[in-house]
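These features come from TrEMBL:
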type     : residues : note
TRANSMEM : 38-65    : transmembrane segment
TRANSMEM : 85-104   : transmembrane segment
TRANSMEM : 125-148  : transmembrane segment
TRANSMEM : 154-175  : transmembrane segment
TRANSMEM : 280-298  : transmembrane segment
TRANSMEM : 310-329  : transmembrane segment
TRANSMEM : 350-371  : transmembrane segment
TRANSMEM : 391-410  : transmembrane segment
Amino acid sequence: MGIDTPRLCHTAVFSHPLFILSAMKTNKRRSPPVQREFGGTLGATCIPIFLPLIVLYLLCVSHTPGGALLQWPPPLPPAALLRDPAAIAMVLGWMALQIFLYLLPVGKVTEGMMLRDGSRLKYPINGFHALCISAVLLVLSLCLGMPLGYLFELLVPLAVCAIALSFLLSIYLYLRSFWAPSHALSLGGNTGNPIYDFFMGRELNPRIGSFDLKYFCELRPGLIGWVVINLAMLMKEVELRGSPSLSMLLVNGFQLLYVTDALWNEEAVLTTMDIVHDGFGFMLAFGDLAWVPFTYSLQANFLVVHPQPLSTIGAAAIILLNSLGYYIFRQSNSQKNQFRRDPTHSSVTALETIATATGKRLLVSGWWGFVRHPNYLGDLIMATAWSLPCGFSHILPYFYVLYFTVLLVHREARDEQQCRAKYGLAWDTYCRRVPYRIIPYVY
């Protein structure tokens, strides 16, 4: 699956235009017609233009004293700032560090879901190790006097570099997909439309040797980078005010818990839509490398310029809300993952299920009898808790909640479509038993 070793030895030949044209002609078998997502070709054309601009706009607005989400003309940074060589070095150095940690022979190796050709790929489960080692290196750097708060001034050029990297990676992924065997291509990203396929990703699991590009980007550089940016914002607040605010501590703590949970349960990502269904193209590359670290850290970024007082009672209430969201999120995901791994386990044998034509069974009790996507409900509750420490004077720190709501509703619709096609009448029976999709009695 992906480029094998002999092919990697012929990079010069592959880069020849006539060879590329020949490869494109020999790999033109397309997937059966599927419904195009994200607005089809129009969406695939507009999203790669507007989303990077949104990232840069949000970062610029968060640094203005007014912090108004709708400003015209928009605040523009100096052109020289956008190509800061220090930012380029930091992004490349960060990627190199995470690649090195990915390749370390620590942790276990596990198999992913079965592919269309009947094979299973192997994945290193060492993301939590990467987080811990990154944290140790960060603490050592701080002890040696590294001015981590300086990242606050570099956020815009860092984002520009991450965006450029996501485009370059996406171009590489699209071109190399023409040497992948047909069974290695994504069903949804192999339509023959170059714009749409570039966006969705033609190849399902692109690899260089045993290095899985999609799996690496999914949880490593962007997610751990999000934590580093949050800590940098905390250090900047210390520089400005002498100590971190309670609001900043809550945002850092909540989001560190979320990232730690994701990497501790890294094996669960192997059953997600991103890994199992979606090809690796611009959609995931940009989301992993640019969107996640620079928009998910928006609350901490906002608090540097717009400090918000928070009472002890208010902080306690927000902590309880985040704890509730995390409990629902973790328990529902654990129940689902345990049922998938071992339906005979004592923790799930008492749950009610219904049979499907595929031979598998659907949970219709427990958390999955409460709403169809209880993990999404927990996610939304946590997202709200992350924004509440920023107060109610600005809508900017609530951008994440608004975006995440749209994302989860859209993802839920994609889930519904795939499950109905896969399970047929059994899924209709489940929907009648569990009528609410995410929020009970609301949606």
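Backbone N, Cα and C atoms are what each Cβ position is placed from, and that goes for glycine too.
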Under 8 Å between C-beta atoms and at least six residues away from its ends: which parts of the chain pack against the transmembrane segment (154-175)?
20, 48, 52, 55-56, 59-60, 63, 77, 81-84, 86-88, 90-91, 95, 194, 197-198, 201-203, 206, 213, 217, 229, 280-282, 285-286, 288-290, 293-294, 301
Contacting positions for the transmembrane segment (280-298) when only residues 6+ beyond its ends and CB under 8 Å are counted:
38, 47-48, 51-52, 55, 58-59, 62, 155, 158-159, 162-163, 165-167, 169-170, 173-174, 189, 197-206, 213-214, 217-218, 221-223, 225-226, 229-230, 233, 255, 274, 396-397, 399-400, 403
Using a cut-off of under 8 Å between C-beta atoms, tell me which stretch among 85-104, 310-329, 350-371, 391-410 contacts the transmembrane segment (38-65) the most.
391-410
With a Cβ cut-off under 8 Å, give me the same-chain residues at least six positions beyond the ends of the transmembrane segment (350-371) that come close to it.
328, 331-332, 335-336, 339, 343, 377, 422-427, 429-430, 433-434, 436-440
